[in-house]
Amino acid sequence: MAAQEVASQPSDTLETLKTESETLKTKLEEERAKLHDVELHQVAEKTEALGQFVMKTRRTLKGHGNKVLCMDWCKDKRRIVSSSQDGKVIVWDAFTTNKVK
């Protein structure tokens, strides 16, 4: 008799744990859905203002014939790669502002 009770308890415990985990998963998905369904202005209201952000032109890199579409730093932080509407991709030395061959 005691052996039957011991045998039934682990399966009951396992079932209750499975049910509880499914309930928690459902609640978690509902909370995630609430966070994903937020308007941009609602998020912007919660962020702090950056204040005055002043940018100053240090160097102008000349070499593209049309508008520059994209630019990014290389991993070594010494070179810049830029691409433009004219189809050119130029690698620049950021320290000397010269084109790299």
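Using the three backbone atoms N, Cα and C, a Cβ is placed for every residue, glycine included.
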Exercise for the section: From the ranges 1-21, 43-63, pick the one that TrEMBL records as region 'Disordered'. Expected result: 1-21
Handout entry: Mean of the pLDDT scores, which run from 0 to 100, over the repeat 'WD' (61-101)
Key = 93
Fill in the blank from the handout: Using DSSP three-state counts, the residues of the repeat 'WD' (61-101) come to 0 helix, 18 strand, 23 coil
